[in-house]
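K.L.:
Please read through the structure below; I'll follow up with questions.
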């Protein structure tokens, strides 16, 4: 509970809401008659509107990327490590924007919103959204904010995929694309993990074909399992070993021979699962995992990522982490290779870090340094 | 449906049953008043009873390791690749024994058996069994078969752990221990995956605290999820890529934008999950994962695996597979290092194979060759 906020934090922030009444045609073939996005901004947009950076969130992220919502907040936004005065996304120089994605459950139009046609929550009737749809919806937000062109679009994991999609779909509106711990498309193993998570949710008897909200219940067990599983893939084996090892809980020094929590790692996972249920919607989780599965820009170009990226004019920063086994460095190198094949300017950094996929959220010194240096160059261009 | 069996198969086999009326004190502190083991044998025990090999099964294995139960069988036993005339466990030379482990659900005493004290199925009241308990129960089977000393105790994965435990607990009764794709204890990540599987089963409303059998139901969804998750960890990323890639199902060439099976890998996993439910018991699955979690022979020796192995007099063959990420080669090397530290004779092979953990079940040529060569030496000793 910071009475005052840390000097390198953006401090107190307030979410805003933008309403887009025009229809949005989605990749799945359906059309949303209109939508709303909840977003936050940090820093000040300059007169030329040339210093704006869009931060795209990952699977379970929100618009609350930095700062605090109240002095009582125990935790700052999810990317506090990277957003703030003097940080890589330096709010003294950039105007940073982060929105809750379409289909989300933190205020933007999504499955928990009221379907204007029925007066009921959309639930499972909310259309499937894709990374391309997110880019299109974020472009409306850019219009709304008077931003013709982003100095950079930046994201980790699924957020990095959005940065790539921006570079492909709207090349005139993005100067730099920063894709951190991302992949050009999911592997069969990635899809398999997502499928188990979805089955966990959809087979929960409280799921009710996605209409749990109108029944006043939550597919709690399924969502908890999905999150527990997700967490395993976010952490490296080494990080888990360091964090928990085979430590038994509560200073116990022998086995109980029962099924209650015995190992610290079990306790951690159950806690993560239980707390997730309180703040995330199951239908949104399903949507987000499908958006991940569907992301495959090369598919429309005969499998060539280079051809998919041919339209891009942005410069690229690609970063990966050595212990990330969800989207390992080899996946980032696929992106780099495709960019080099078509002579795109790309900077690539492979960061030595033990934290696994989650490293992109953490204050890993080498990571912050590379990211900061790159963004300082972007800031210099903006100022020039 | 082989009208005749392949020449290198043991052909038609029949399970047998051994009854052990004497009480068995278990590591958890409880005692089974008696128990039964179902087992199969292949080959012929020689007059000196010196050519017997015990095969220990893994998490979801059974006593049916080789051959066919009927001419209509579509599939042979689970280790057909390694057991038969001319195969590594050459049934022309060895008398091979494989039992369903105590706590299993394929005929040996376990949660689905009738508790003599209540006349009801044990269900959740079946005591927790450990790798040490399995060794003790298998020793009774050895007595029953007139086998004083195994020429070798052999197993993959959890089966390899049993081979190690045999070498530590009953050094006089085992000449060779063969541990394939095993680990000296689970990592935090391994435990984490097991815990998600257990939670999937235990949170299934049809689980009824383990008393589903008396209610005539099965925690189908949970068991299916557990198996789907297991399968991901058994296959390597590369194997999944080769087998499924991002292929869509049924020759479709575009996304459906729904939650039914779209990718081949989803179809495969669901099939694996669904068929598992028909042949495996949920309480047994829980027991088996706990036996894995608890296995940690070094713990009683201040964390020193070398000291744990000090009592062993067997010679060791340790094999691992390059793409196994469940129990990777580094884990096998921990075993090898501990053996070398105490000057135990050990042969180690790291097999180049793309199949992941499942490689130990497959006819990988280099694997079969190394395994066969080692076992030929064992056979020569037996004959000498």
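The backbone N, Cα and C atoms fix where each Cβ goes, and this holds for glycine too.
So TrEMBL lists these for the protein:
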DOMAIN    B:51-361  domain 'AB hydrolase-1'
ACT_SITE  B:157  active site, nucleophile
BINDING   B:227, B:358  substrate binding site
ACT_SITE  B:324  active site
SITE      B:326  site 'Important for acyl-CoA specificity'
ACT_SITE  B:357  active site
K.L.:
Rank the recorded positions B:324, B:358 by the number of other Cβ atoms within 10 Å of each Cβ, and give the residue at the low end.
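P.N.:
Checked B:324, B:358; of these recorded positions, fewest Cβ neighbours within 10 Å: B:358.
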K.L.:
Could you tell me the C-alpha distance between residue B:227 (substrate binding site) and residue B:326 (site 'Important for acyl-CoA specificity') in angstrom, no decimals?
P.N.:
15
K.L.:
How big is the Cα-to-Cα gap, in Å, between residue B:324 (active site) and residue B:357 (active site)?
P.N.:
4
K.L.:
How many whole Å apart are the CA atoms of residue B:357 (active site) and residue B:326 (site 'Important for acyl-CoA specificity')?
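P.N.:
Pair distance, Cα basis, whole Å: 6 Å.
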K.L.:
When you measure from the Cβ of the residue listed as 'active site, nucleophile', which residues in the chain that are at least 6 apart have a Cβ under 8 Å away?
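P.N.:
The residue listed as 'active site, nucleophile' has long-range Cβ partners B:58, B:59, B:180, B:181, B:182, B:326, B:327, B:357, B:360.
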